[in-house]
Amino acid sequence: MASALAFVAVLLAAAAAATSPAAVAATTLTIQNLCPHPVWPLITPTSGQPISDNTARLDPNSLISLAFPPTPWSGRVAARTGCDAAASPPAGCETGASPPSTVAQLSVHGGGDIAAYSVSLVDGFNVPVVVSPQAVGGGQCPVLGCVVDLNCDCPPGQRFSDGAACRGPPEYFKGRCPQTRTTPGDVETVPQSCRSPGELKVIFCPPTMLTAAAGDMLIRTVVASS
């Protein structure tokens with residue numbers, strides 16, 4: 001009888017471990033640079049511990065992967081450009097270290113649970129950025145962001161650093177990139193409820209995640225099955 005009870009206890013313990021938050025795979029942050037020039041990612045936590053020392057340089061077609069902590073984490077990811085290649089940490093960056101810059105906003109609630117994400121142009125624009133969830137556990141997980149180089153047609157009075165970045169205005173940004181946030185109260189036009197993504201991928205200068213329709217650039221939407 002005692003041995004049977006011990007066996008049941010082991011089974012219950014195994015079941016509890018399998019369903020506990022610690023058993024859920026943590027979400028990974030992957031940053032990929034598809035720009036034709038180097039970038040230096042700047043990852044700034046707004047809640048939670050730092051996950052990067054912000055010294056990495058990403059050459060074209062390269063990427064890095066970082067682990068989110070098992071506890072809730074929120075933060076911002078931007079691409080610094082034109083930095084002094086000989087300096088470590090990066091210094092003298094032309095854009096991205098401060099506004100105007102494109103910002104990916106990420107929030108993971110620990111243990112790979114619900115993730116929230118967006119691409120903000122509230123602080124301006126320097127490079128195209130999208131956030132693409134991968135290996136999702138369910139819900140609606142659209143690819144969000146901007147695939148258009150908004151520096152090209154930036155109004156002359158809004159250009160920054162010889163055209164390397166653009167300050168706005170918000171209606172210009174929203175008209176070209178509707179799946180971004182361009183004012184503090186702005187939201188995207190597609191719903192989002194992304195559960196347990198194994199990876200949040202931030203892509204700088206994405207070339208292929210769009211389709212052309214009537215002259216507009218539309219971001220492909222990925223919806224995970226529940």
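The backbone N, Cα and C atoms fix where each Cβ goes, and this holds for glycine too.
Per TrEMBL, the features are:
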- CYS83-CYS93: disulfide bond (DISULFID)
- CYS154-CYS166: disulfide bond (DISULFID)
- 1-17: signal peptide (SIGNAL)
Would you mind checking how many other C-beta atoms are within 10 angstroms of the C-beta on CYS83 (disulfide bond)?
21
Alpha-carbon spacing, CYS154 (disulfide bond) to CYS83 (disulfide bond), which is rounded to whole Å:
22
Please report the distance from the Cα of CYS166 (disulfide bond) to the Cα of CYS83 (disulfide bond), rounded to the nearest angstrom.
18
If you count other CB atoms within 10 A of each CB, which of CYS93, CYS154, CYS166 wins among these disulfide-bonded residues?
CYS166
